[in-house]
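S.K.: Input: one structure, supplied below.
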Amino acid sequence: MLNVAIKAARAAGAIINRAALDVESVRISQKQINDFVTEVDHASEQAIIETLLTAYPGHGILAEESGNQHGAKDSEFIWVIDPLDGTTNFIHGFPVYCVSIALMVRGKVEQAVIYDPTRNDLFTATKGRGAYLNERRIRVSKRTQLKESLLSTGFPFRPGDNFKTYLHIMSDVMQRTAGLRRPGAAALDLAYVAAGFTEGFFETGLSIWDVAAGSLLVTEAGGLVGNFTGEADFLEQRECLAATPRIYGQLVPILTKYSKFASAGDKASVRQAVQAHGDDVPAAADDAAAAAEPAAPEADDSEDAPRAPF
């Protein structure tokens, strides 16, 4: 099954690379403010679906652009697809985007492929068999101190997102770490944690297709993944924390109060902190970490392993 997913990801990557040669001619539409989709997203998704269903006609599909329109509706085997994670980057010619494909069996991720077509980097994982970058085993970073760690995140961008609260999250994290990056493709962020390029990643407002494949890469590389409170059942909770085990344990106490699952006391303390800085936070916002719930839905170490581009 992994080989079929790899074939599908490479087919999608070829479509993306061809379009990237003349990105200004790509037709773009807007699902909502700051949330874009292109003809390349659709073509990439169609190529993936055709490849998967040709091999496994009895499987189901859950795709970012077409939902569950394709495949069997009651299958225990569900392919979760993001055909172009980082669409905004792509349409600006910023070379940080990828294809993400995961296979869920009875609700658990069993296979994962993340393909970066700009660098021809192929991240793969099979449950219980480790994680790989271009067929070489990868492991999470050995760093154990948060102050020495490089983290990645994503920024809120939809109407209704609580931008001011997210600034407080970043302030809490940045002053305790070596650096914070925002590449703009959550699936690649997770793959980079798995490869040891960064020590951790956190973001809110995510969908299952953003995190399914990357979550298996991280755990198979020796890391931990969950929500901001540290709970492992996070795939459809719209918030994600992934890190090395030691860094994960240091981030959970910082991020817990910003989770939509935080206690009432934690939510109140966050509201007060934001208000104390002169920001206007509606009292009715019962999620202090509203950034975690946007209003709009939607090992073997290798010394010469390739490093992240930033």
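Note that the numbers count up from 1, one per residue, in the order the chain is shown.
Glycine too: its Cβ is placed from the backbone N, Cα and C atoms.
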S.K.: If I go by TrEMBL, which of Glu64, Glu65, Glu231 binds Mg(2+) at the same site as Asp82, Leu84, Asp85, Asp210?
M.R.: Glu64
S.K.: Write down the single range among 159-196, 273-310 that appears in TrEMBL as region 'Disordered'.
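M.R.: That would be 273-310, the stretch labelled region 'Disordered' in TrEMBL.
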S.K.: Which ones in the same chain are close to Glu64 (Mg(2+) binding site), with CB under 8 Å and 6+ residues apart in sequence?
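M.R.: Long-range Cβ contacts: Asp41, Glu45, Ile81, Asp82, Pro83, Ser207, Trp209.
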S.K.: Do you know which of the binding-site residues Asp82, Asp85, Asp210 has the most other C-beta atoms within 10 angstroms of its C-beta?
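M.R.: Most Cβ neighbours within 10 Å: Asp82.
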S.K.: What is the set of residues, excluding Glu64, Asp82, Leu84, Asp85, Asp210, whose C-beta falls within 8 angstroms of the centroid of the C-beta atoms at the Mg(2+) site?
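M.R.: Surrounding the site, in chain order, are Ile81, Pro83, Gly86, Thr87, Cys98, Val99, Ser100, Ala185, Ala186, Ala187, Trp209.
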S.K.: Compile a sequence-ordered list of residues in the same chain as Leu84 (Mg(2+) binding site), six or more apart from it, whose Cβ lies below 8 A from its Cβ; state 'none' when nothing qualifies.
M.R.: Ala12, Ile16, Thr38, Val40, Asp41, Ser44, Phe90, Tyr97, Cys98, Val99
